[in-house]
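Below you'll find the structure, written out as structure tokens, and then a few comments.
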Amino acid sequence: MNRKNLQKQAEALSRLIKHFSKSEVESLIRLYHTLVGRPGDPNTRRGIDRNTFRNILHNTFGMTDDMIMDRVFRGFDKDNDSFISVTEWVEGLSVFLHGTLEEKIKYCFGVYDLNGDGYISREEMFHMLKNSLLKQPSEEDPDEGVKDLVEIALKKMDYDHDSKLSYTDFEKAVQEENLLLEAFGTCLPDSKCIMAFERQAFTEMNDI
């Protein structure tokens, strides 16, 4: 992508994105094209595919839960075409790295609502908590411990007592206790990972 087109695309995207400057958007576009290939190159892919994205989540942001990583991919891939476009990449990273609490609540709820029905069900909580907990060899029935955690989560967060969490339930619980934002599994990067990623993206990519 030539400099003029890059600046044009960065300018258009930076109008949509509130958490990155125009030069930062330029760097993220450059990084995107190193991942998928240059426009016009016959080997260039349609976008960032699921495997490439999972490698980024694992190697750069330290995520290990396959189910959560798959849901994060779906959160970025707004049009559900199985590829992350350059716009989806920059918009997704804006919330992922620097979102407001409200944006992060919306994002995390979308990750945890595994079947997309607008609720985090008892079964979904069970699957996510089971995946995120280390199994103790001494436990006779590890599922019992997970079931207990699900009940604790519902008791604390299910304000309308319908045995599932609506967005309103989740939002209210997190606003009252911010630590509940990632109650069902890590789906946001920590500050150390963010700094390392931005150092690479905003410093090293400018040298390319």
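Any Cβ shown, glycine's included, is placed from N, Cα and C.
Here is what Swiss-Prot records for this protein:
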- 64-99: domain 'EF-hand 1' (DOMAIN)
- Asp77, Asp79, Asp81: Ca(2+) 1 binding site (BINDING)
- 100-135: domain 'EF-hand 2' (DOMAIN)
- Asp113, Asn115, Asp117, Tyr119, Glu124: Ca(2+) 2 binding site (BINDING)
- 145-180: domain 'EF-hand 3' (DOMAIN)
- Asp158, Asp160, Asp162, Lys164, Asp169: Ca(2+) 3 binding site (BINDING)
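Between the CA atoms of Tyr119 (Ca(2+) 2 binding site) and Lys164 (Ca(2+) 3 binding site) there is a gap of 6 Å, rounded to the nearest whole number. Apart from Asp113, Asn115, Asp117, Tyr119, Glu124, the residues listed for Ca(2+) 2, the same chain places the Cβ atoms of Tyr112, Leu114, Gly116, Gly118, Ile120, Ser121, Lys164 within 8 Å of the centroid of those Cβ atoms. For the pair Asn115 (Ca(2+) 2 binding site) and Asp81 (Ca(2+) 1 binding site), the Cα-Cα distance reads 17 Å.
Residue pair Asp77 (Ca(2+) 1 binding site) / Asp117 (Ca(2+) 2 binding site) shows a Cα separation of 17 Å. Using the Cβ center of Asp77, Asp79, Asp81 for Ca(2+) 1, the list of other same-chain residues with Cβ within 8 Å runs, in sequence order, Gly47, Lys78, Asn80, Ser82, Phe83, Ile84, Ser85, Glu88.
Across all of the domain 'EF-hand 1' (64-99), the predicted model scores a mean pLDDT of 96. Around Lys164 (Ca(2+) 3 binding site), the C-beta neighbours below 8 angstroms that are at least 6 residues distant in the chain are Tyr119, Ile120, Ser121, Arg122, Asp158. In the structure as shown, the Cβ atom of Asp160 (Ca(2+) 3 binding site) sits within 10 Å of 11 other Cβ atoms. Note on the binding-site residues Asp77, Asp79, Glu124, Asp158, Asp169: the fewest other CB atoms within 10 A surround the CB of Asp79. Listed in sequence order, the residues of the same chain lying 6 or more apart from Asp113 (Ca(2+) 2 binding site) and placing their CB within less than 8 Å of its CB are Tyr119, Ile120, Glu124. Under the three-state DSSP scheme, Lys164 (Ca(2+) 3 binding site) falls in the strand class.
In this structure the C-alpha atoms belonging to Asp160 (Ca(2+) 3 binding site) and Asp117 (Ca(2+) 2 binding site) are separated by 17 Å. For the domain 'EF-hand 2' (100-135), the DSSP-based tally of helix, strand and coil residues reads 23 helix, 3 strand, 10 coil.
Under DSSP, residues within the domain 'EF-hand 1' (64-99) fall into helix, strand and coil as 24 helix, 1 strand, 11 coil.
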